[in-house]
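Under the heading compositional bias 'Pro residues', TrEMBL lists B:58-69. The compositional bias 'Polar residues' annotation in TrEMBL covers B:72-82, B:100-126, B:168-196. Feature annotation from TrEMBL assigns domain 'Zinc finger Sec23/Sec24-type' to B:385-423. Taken from TrEMBL, the feature domain 'Sec23/Sec24 trunk' applies to B:462-705. According to TrEMBL, the domain 'Sec23/Sec24 beta-sandwich' annotation covers B:711-795. If you look up TrEMBL, you'll see B:807-906 marked as domain 'Sec23/Sec24 helical'. Sequence annotations record features per position, and here TrEMBL assigns domain 'Gelsolin-like' to B:927-999. The region 'Disordered' annotation in TrEMBL covers B:33-197, B:212-291.
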């Protein structure tokens, strides 16, 4: 066991957990003084090829309000066949099936390497996967064609027993019946009328004289499946559906000059949610919404159909001038909650040049774990490949998606759960380990994740509740257990249990240890999530102020400096990068809305709060690689000084991949040297970033926007807006002209930021 | 008899229990006082100004004397045969009396007095006498006629050619003397005549000869001896001159009459106390009363096959039953417009006095026979039709060009307008434009203008109309096989959508909807490989789920439509949905048309009461207990609310609804048919539909309906010259204001009856004009204006007015106004009002036009000779009869279907054709002449065909000759006829079978509706239905026989006169 770096990495690989602090301050007071809360990024379904699930069910603590799962941290009395719960200290006998247990014959869950273990639940019905396509038909012909093809393609990716359904909408909403022979049938709904779930089910003929009172329990899905004409196994309706999609026409209602097409997205979603609610309550299902524009009529309308009224901008929202915003948001939130209650997730695939109302609709995906994909057109590889990747498979050939997740967090007594931030909704489960201090979605120790994939990551925030005067015994450890129940994509019910423990440390005596246990990457992301979470409800400047305050406090706490002497300010290695992350975070689109539409902001934030640590960091501080004849490709500072004429730069912001050719390179390329055999090396140089980009493209979801630009190109702005403006038109001459490229901005550079930070940190008045 | 009239009418009810209740009425002495009002000022009835309509002197008798002819009916006479006629000019009158029949003739001869009275029935008598005494006079009469109907063609010639006898055109003339025999044959019939014949000699004092008692007896067996008792009564009535001797007889007869059928009656007669009651004299000779069939035959004989030129103002056209050719020479053809009278009374007072309604029945799209020119289309280009600046009347032959042609005076409002430059033309020496004959709008009564964009909705040219077929696919319709039947038929039928003359294909688009509790729309776009179904379950707020592909061109989408029609029956084969919706279905149609921006028609095939939870949901409110109470009207009233609004929406969008109903029980037709009846649609009803028995019948209806030529989204405006105006409209129409008649569609069988009232005095010299302008969209989507002009005479002489009346039109008006009135007041009141008005009209004639005669004589204007039989028939129709045995839906249905009828149809409906087939000449062309609708005309060994435009019966007498049965049915005798024989005639290769089937199919072809053929055997149960249509008999569900009614009316008249 060497450095914390390795420890952290190992923990992440094994359990999918990164804590902000890997040593926990042992008292409440000290914990709050650490500024960054004890918290972690947890990836419940982290891919563990080396972790085969066990074929039995977990053994649980018998105490009713504990129910913790037997884990390697438990003390076991092999003789008495008794184990002690490490959370509540209840002594539990082993079940009869564990009769043969002994020191040499331990079940997997007791072995230390199985701090994360996955059980397969045998009993209970296995529900098929459900995919309900909700397709906007108010698209350009080309777009629609491309979308149709993508959808048809997707059918071949679905497991044969998965259920599929199709809803199309434009001015009207059509629910297509899939079993019909000879004649294509669909149920049509008016796009302007808000219908209750019951009405929808009645109109679809789903209400049977079925016995009521079965609510809350999946009503034998097989039976329901048979009764629902709208959701049918792929293998049965493959041909029908392919034809149906093939014959799908653009919305036929004429769109007068100066008008937007009438798009009933709100009703379409309501019908989709109502349909699933009626037919498959509490079963994993995925509503996939494809839209090519904003909802323009009916409930959930985002903008009127008059083209002369533009769709709301941040400016309008700040001026309280977005007349549909509140109503629409409320409408979609209600839908999202209904959907979440039943474990159905909603994906939004929005492809349009203008905004499509993601701001209003985002909660649909945010609360239900659905994807949001934003593109310019369905006829782009960005959409096509992203969509294809939704159905990507893991090493076992199973979909990288799971449904109906339920995450429960158990803590040892010294800790309580404050909340979680991620694609989840609260299950309002009050327990002894629930803190009253809420951070993120709090007030519960259980959350529902309607849909999750191996990269889905939650930020979970804790509170140390141990009082200062009740010190934890030396060598004591705090433990946290994550119990994730979910429906695997092969329809099995599974339970994954991750139990982790950290040492307590006395903050007064062991502050150095604590400082060195700081995971600044995780901390940056966790703090960023808190910031983004706040930004959803608070004014931008307030959030920045809060973030700055935290940073300054952290620096004051851990920085080494002489009072009022900024130059004396030093940070230890374990914190050295943190301020820089904060600098970039402040500039990021997650907190800055300038230059972004409300939809874009929603889109960026949506992805930020669900990706794992690495991706999140890329989002906060994009990665910049430099390619040149001077040596192998190397990462360089995200700084304007890195922009040199004889370099090719590759920037990855998660959302964009920018390849930037420096001035000289660009000229050479223009001159066509790469075509000449004698400049083969130039050709290779040009190719290198492309290959690297390709590699990133292969793995990223959603597909980043791929930008190939050069010095002076209009798209170079993507790069210029990200780099630290160390050279601007203001300080250009001071820096000399030989290196870098000046950025025309008034933004502060990292240098200025740091100087200021130091000043504030050392200030005695602060 | 406007609606208000009804409302205001005093409650006659007590006094007169209505027809059914004659007895009571009669019996009750108090009756009189009540009637009192009547006689007096007719204010109660808002009596419409009477429109005098003169029949072109069809009946010869009438013709003879230039002046109007009145027939006198001697009530007592019925039997007597003593119908003395008197053509008496006043002066002449007395002599006749003195003399036998002859005297009468004399009177005729003396043309002096314009008012002549024909005893209609008696006419026979008269005629007879005519022949004799009047050889010379005829000519004169002819001459006079001329004056009446200058038109060359008409009756006149006939008259001339056959002086005396013709007159008899009624036949009676010549054979006059031969009493009985002739009479019946001739059809003049009054029982009287027959009687008269013999008696004539006797010296008929009274009204006549009829009085001549003795003969009477001879005539009618029943009355052997003249029951003397009645005398007293009669005498009282009798005018001075009558010979006392006569009286007794009459009275006797009278008494007999009354007593026979209706014991109560005698009592009514003031004069005759109990005595009358006694004598049971069963039957009067039915031949003695005016015969409709005879009138029809006479008119046919006189005018059939001739050309009717419309160049004369106020010319009375031939009867609707007569085949004639119209030559438009400045007035609209009677096929388009018919009037109750062609001579309007000059003043409101006059109109009020006579109580003859002034009305026109306008059938704007009437089908023209092949040999008549279709309407010319005038196109004035962008300026549009030329119209009067003030009243907006369209250019027509009545406009007077003045000032060298630079200006014209509108004949409707007298405004002087500039002639537009492009339209200027010089006048000839007659003051007529030189281009008179080149411009239809200057020389014709009917023509069309091409409408400009100003006449279009939103100033956009209309799209071609569309037909949507909406099929109820609930359990009932699937099980009965109807859905399959419709679907199969549509495949071929859609090829025959109406199209513009010369167009290669119809421009009409088609769409399909099926429904039960929810609606299924179909996308049948030609590009699709298979149709797509779209289910709309949101019935509370109906909408149309698709635009493109719903309404398609049949030719283009034939393959997809075929595919669809093949599949529909299978798709729902297993349905067990029995609930249906209805209002949303219509709403869907309206929305579809709205979305497609076109007008059109919905064909709805519906089975049951819409009970599913939806707007327009209906519940069973059929309550037989309401019949004959003040609340009976509620049975006819549609449910308010949803359907009202729906009608409005439909009309606004030009959405016509045709409803085909296949009920097995009550379905609240009054409400369901509300929309069709306001949108120019039709309602067809097939009770307990079975494909085997009703399939063909229904398909015939469907075919006829689908192929009808029609106009859509129509607005009609009737303009009149100053002095009178249109005040009330009846028909399958919608009125948003008081002048514009809106019709979502109007087809060739739909007629609008328009009532007129005086504003001011009319001038005899100038006459009266009306112009009916109909703005509509053609089947190819062109906006047009159809103009019908008609000029009428005005007169200050009631006699002239009566002469120009037309019974068929009158009865059409009465039927419609009575049927509307029952929505607002008890049926019984309505019946009373009808009787009273009848009596009043006739009494007024008697008082003002007929020469003095015995009060006991019934004198009818010649033009209204058969008016009572129609009126009686009307009162016996299901809506008015008030019987619990009739289905409420049937009553409502009949009520509504009559509201849209033209004169031809209402005539046939109220007096069905009864055609004897047993002695038909199988090889000949001719169809046997119909006989009177009475049981008495049937014979045990006879075969009769009876049709009224809605039903057709083949009646087989008990003793039908087996060979006839063999040739028709291929079974040895009646007893071998099975159930399956009762609805069709087998196709057999023998002359009789061919002939009979030929006659039937020809009738089916001719009538606007299909008729279900029912074969009934005498004394079989189904015979009831058949007997219902024998309108001269006592009604099965109440209602008097013709004879009784006549008596009753006569009595009323006499009361009015005293």
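A Cβ is built for glycine as well, from the same backbone N, Cα and C atoms used for every other residue.
Just so you know, TrEMBL annotations never went through curation; they're auto-generated.
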Can you work out which residues elsewhere in the same chain, 6+ from the ends of the domain 'Zinc finger Sec23/Sec24-type' (B:385-423), have a Cβ less than 8 Å from its Cβ atoms? 330, 378, 431-433, 441-445, 449, 451, 719-722, 769, 771, 773, 785, 787, 789, 791
Listed stretches B:462-705, B:711-795, B:927-999 vs the domain 'Sec23/Sec24 helical' (B:807-906), most Cβ pairs under 8 Å: range B:462-705
As a quick check of your reading of DSSP, tell me how many residues in the domain 'Sec23/Sec24 beta-sandwich' (B:711-795) are helical, how many are strand and how many are coil. 0 helix, 56 strand, 29 coil
Residue counts (helix, strand, coil, in that order) that DSSP gives for the domain 'Zinc finger Sec23/Sec24-type' (B:385-423): 6 helix, 11 strand, 22 coil
For the domain 'Sec23/Sec24 helical' (B:807-906), what are the DSSP-based totals of helix, strand and coil residues? 70 helix, 4 strand, 26 coil
DSSP helix/strand/coil residue counts for the domain 'Gelsolin-like' (B:927-999): 27 helix, 12 strand, 34 coil
Per-residue pLDDT averaged over the domain 'Zinc finger Sec23/Sec24-type' (B:385-423) comes to what? 92
